[in-house]
Amino acid sequence: MKNLQEKFLKFYNTTINLTYNITILILIVVLVFIQIRIFLDLGNLLMEKTARLGVKELVTSVLTLIVVLELIRAFVEYFEHHRIRIEILLEVLIAFGIREFMILIFQEKIHAQDVLYWTLGIFVLVLGRSLSILIKPGITKVSQFKSLKANRRRLKSSDSSPSL
């Protein structure tokens, strides 16, 4: 029975790794196409009669590139540590939120109240990102306090030791 569970677990891990590898390859291909589109948008910016349309397309492409880069970073983080940190997920959400917000602004399809909601939402994500740096999951305040106390004792004992 245990041998069968090990085989299923190995099959599961292999399937997950293969899926992540394929996803990263797809994201890299998408990244290349986005870069090509950015260069084409730069050419269109010079050719357009109205620079505003060209700038809108260029900004959209660059923001899409940033979102894809953040997604690739999240997948690579999973491969390196077999976990995804909450900071990285929040960075992806922030980049995606800013992208969508900027697209709405450039399309002039947003009202003042919506701007307030979008800004508040992005602010909450940035606040969550900041808090995720300060408060690590799995580390309790008690364990942080004990480690600080132990470090303080160690420093005191090294200061009180006679020096030659």
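Including glycine, each Cβ sits where the backbone N, Cα and C put it.
Note: TrEMBL annotation is automatic and uncurated.
For reference, TrEMBL has these:
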- 20-38: transmembrane segment (TRANSMEM)
- 58-76: transmembrane segment (TRANSMEM)
- 88-106: transmembrane segment (TRANSMEM)
- 118-139: transmembrane segment (TRANSMEM)
Closest-packing stretch to the transmembrane segment (88-106), where packing means Cβ pairs under 8 Å, from 20-38, 58-76, 118-139: 58-76
Outside the transmembrane segment (20-38), six or more residues from its ends: residues with CB under 8 Å to it: 58, 61-62, 64-65, 68-69, 71-72, 75-76, 78-79
